[in-house]
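Copied over from TrEMBL, here are the features:
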TRANSMEM  20-38  transmembrane segment
TRANSMEM  105-122  transmembrane segment
TRANSMEM  160-180  transmembrane segment
TRANSMEM  248-273  transmembrane segment
TRANSMEM  285-307  transmembrane segment
TRANSMEM  319-336  transmembrane segment
TRANSMEM  417-437  transmembrane segment
TRANSMEM  475-494  transmembrane segment
TRANSMEM  506-529  transmembrane segment
TRANSMEM  550-567  transmembrane segment
TRANSMEM  635-657  transmembrane segment
TRANSMEM  663-681  transmembrane segment
Amino acid sequence: MKNGATVLRSSRSPLLSRYLLVFGGGVILLVGMLFLNITQGDAGLGIQTVIEAIVAPQDVTEHHIIRTLRLSRATMGMIAGSSLAAAGVLLQTITRNPLSSAQTLGINSGAFLAITVVVVFFPSLSSYSLVIAFIGGFAAIALVYAMAGGITASPLRLTLAGIAVAMAIGAVTGTLQLMYEEDAGKLLAWGSGSLEQNNWDGVRFASPWIFPAALIALGLSKSLDLFELGDEMAQSLGQRVRFVRVTALLLAVLLAAATVSVVGGIGFIGLIAPHLMRMMGIKRHLPLLISSMIWGAVVLLGADTLARMVAVGVEEMPVGAVTAIIGGPWMIWLAIRARRGGGRFQSSSDSSSLAALSSRRIPYPVLLAILSVLAVVILLAGISLGSLRLQIADILAAMATGGGEDMTRNIIFNMRLPRMAVAAVSGAALAASGLLLQGVVKNPLADPSIIGVSSGAGVGALILLIALPQINISWLPLAAFAGAFVSTAIVYAVSRRSGMNPGILVLVGIAVSAMGTGIIQALVIKAQLRASSALAWLAGSTYARTWEQLWPLMIWPAVLLPFAWWLCRKLDLLAMSEEVPTGLGVHVVRTRIWAGFIGVALAAAAVATVGTIGFVGLIAPHAARILIGHNHRRLLPATLLIGALLLMAADLAGRLLLSPKEIPSGLVVALLGAPYFIALMRKSAARK
């Protein structure tokens, strides 16, 4: 009996030590981070002043600053961090997806769009922003589930659907911000995530919703413990699985919506804190939720403190950008860990659809002829239409003989023709990049903007523009290449350990893309770009492009596309199982490296010229597969034409829809491409 008691005490000892470290250490660190955060700011205030302001406040300026501005900010940071962490725990449990969070499932983006709509169109409803944010967040995650194929969707599929929905919603939000530029400045900074508070209104607004939701979540802890055993087992033990899932989902959306409505879109807290606790051995949901909320507050306060420490001048880095930069590596680690733990991120089921997307076929020469004619028609329409309409006959005459009025020739040759040519070449380059990268990762849902290439190129280009603003623009592509290759090298180095598993590669790319986006947001704030300029760059724009940008851009497709053509036969084999190309003498890893290299270079050239445009590299290859099949040598020319068509049409639509104001081409592509992508995901899910 004595020996049994000794064993029991020894088994409890590690658990007690772990709980003391997690809870005791977390609370101590949170208190320390609270005081450190309050001391940060333009007016340097010491710890002693902070303590005096809290314990024995006086009617002095320093105490007013602390109690009104800084303490409210730190308190909101703790509440927001706890809320996002709790939402992450709930979402990861009910989806059985370790990468689920309010950000990766599109909830934050949906809530932000809903609030933007209220601010722009219905300012009188601002007092109901939480309800609006809840509706937007819930609609977003419902769309994600519908796209991914329901609750049985794989983690990779669910994550891809969430990223796609977030991109599509972001395009709509960006368009609204650009249309209403007077509100865009504050919306841009707030949307990136900011804890800045002018008083205690934000805390008073969010607390009555977040605290009860968190308490209800704690009350569901035992049900959530059983939920992880599987639906059938939980039902056999008397649990109402559907009720628990719906309740937890509503609570997670409410927690995220209440947070977004006050501090904007802050990501990765819902990934970092819960998994940090699971690493510490916390498995049961009651201690998991409590500890995650404590450490979520620690992480967010720490990120905000870091953002304020590195602030330059009056502008400080958005805390959402800091959490993205910190959270990207964390997501990479989670993807690798999940792969080692059970291989739930295999993408063979998705990759098989590369060879099964074709439908009715048009004879190949006829198809190329139709696409070429459409390209010429769009080109002529782009030259003809605008603030001053030109007749087609005058355009053809000027292009054939150089005749016509000086103003007409100036509009054609110096304004519209180079702009449309840049759009065509950039669209073709992005489309070819998407085709190659989809072949590399064996997933038709891959895109340069999703797997980190576009954001890396954007970081490189922005760093050059900020560091050397007077440098010749011809150096911009090289900077974009450097950024793209750095991001790709990170993706490759991490993915190589998993044998270049396509699912891991996509997830690592998403994480690197998030890091790049965070860096871009920080650089935009540092450069103090006007809201409209920042939005145009972030969305991608063909505005005011000239021959000077076209010639350097054309070099890269001209050099690289013949090599891409040569690789096409091997890409056909890569679409099959790993054993087939290996048995036929194809070096799989080497082929993926070369195809990825060419795809990255093409995307970098386009990003350096027109900015970070998404969806072209996703839609054009898939549309070509529907029309042609999976023969890459036939796909490549058609994909180039479709990509050129898509971006030229987007440029034209962006000029005409809100004339005289222009919508960036990247936003138009996203607005046009989102419904297509949603239909693609639904069709693929139904097939499964």
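Cβ atoms are placed via backbone N, Cα and C, with glycine included.
All TrEMBL annotations are machine predictions without curation.
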How about the transmembrane segment (550-567) and the transmembrane segment (285-307): at least 3 CB pairs under 8 Å, pairs 6 or more apart in sequence, or not?
no
Restricting to the same chain and to residues at least six past its boundaries, which positions have a Cβ under 8 Å from a Cβ of the transmembrane segment (105-122)?
87, 91, 95, 128-129, 132-141, 143-144, 158, 162-163, 165-166, 169-170, 172-173, 176-177, 179-180, 183, 187, 191, 252-253, 256-257, 260-261, 264-267
Would you say the transmembrane segment (417-437) and the transmembrane segment (635-657) are in contact under the rule of three or more C-beta pairs closer than 8 Å, pairs 6 or more apart in sequence?
yes
